[in-house]
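Novice: In case it helps, TrEMBL gives these features for our protein:
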BINDING   Cys46, Asp48, His102, Cys105  Zn(2+) binding site
Amino acid sequence: MNTQDNPLSHLFDNNEAWVKRKLEDDPQFFARLADQQAPEYLWIGCSDSRVPANQIIGLPPGEVFVHRNIANVVVHSDLNCLSVIQFAVDILRVKHIMVVGHYGCSGVNAALLNRRVGLADNWLHHVQDVRERHADLLDEWPVGEARYRRLIELNAIEQVVNVCRTTIVNDAWARGQSLTVHGLVYGVHDGRMRNLGMAVSNFEALDRTYKRCVAALTAGGEHAPDNDMIAADAARLEGVAQAVAATLKPCDDAK
């Protein structure tokens, strides 16, 4: 292969270096990995390149099953996502499904501001549905960073609900399978995960857990959880929404 004409040559070099390091640490790593995968976790996250699942939670290949799309949306008509959930739950028998949003999400920002981004507008209608469902709560927060963060958190919570309402998860719970669905948010600005408190292990707990987590996001603060969901670091995110918005230019109207 002529590496001079290959724009990916540096990636192959990186791969070779990675393989060498892994084999030095564990000579049987790839042989063991090739035998089977047995992850305990399914990660449903955003496609954003700054949110790599394995690295964030410190797990090696084979330890987390991953599905990613724009704005970590779970829709019951999306056979891609449903197939991943079904394989993870029924075949791999994962014990935890993590729906992971992230602060600074361009998709959520576009939905919040009604920005046109192209074909993805159709997909982001699902996030706009979340915005409309919680319009009163969002109006409690000032326009800008705080409201943006709340919608990111609410979107993750709502997608947990969507996962829990799939027949796949309900059938697993009905047969007594140990399975918990979690809502989390990752901070691109500081690298830390935040627990939204939305952890559901059976269908009976879904409604009360959902109501508690949504109530925790009210601006009054009396329901604010101890898990830094309404973080005091909002000042450090000043300008993130504006920067994201600057990258999302409205589409020209068809002429």
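Backbone N, Cα and C define each Cβ position, glycine as well.
The structure displayed is predicted, hence computed values, not measured ones.
How about a rundown of where these features are and what they're close to?
Specialist: DSSP assigns Cys105 (Zn(2+) binding site) to coil in the three-state reduction, placing it in neither a helix nor a strand.
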Novice: How many neighbouring Cβ atoms, not counting its own, are there within 10 Å of the Cβ of Cys105 (Zn(2+) binding site)?
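Specialist: Cys105 (Zn(2+) binding site): 29 neighbouring Cβ atoms within 10 Å.
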Novice: Might you list, by sequence position, any residue in that chain lying six or more from His102 (Zn(2+) binding site) with a Cβ less than 8 Å away from its Cβ?
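Specialist: Expected: Gly45, Cys46, Asp48, Arg50, Val51, Asn72, Ile152, Val185, Tyr186, Gly187, Val188.
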Novice: Looking only at Cβ atoms, how many others are within 10 Å of the one on Asp48 (Zn(2+) binding site)?
Specialist: 18
Novice: If the Zn(2+) site is taken as the center of the Cβ atoms of Cys46, Asp48, His102, Cys105, which further residues of that chain fall within 8 Å of it by their Cβ?
Specialist: Gly45, Ser47, Arg50, Val51, Ala71, Asn72, Gly101, Tyr103, Gly104, Ser106, Gly107, Val108, Tyr186, Val188
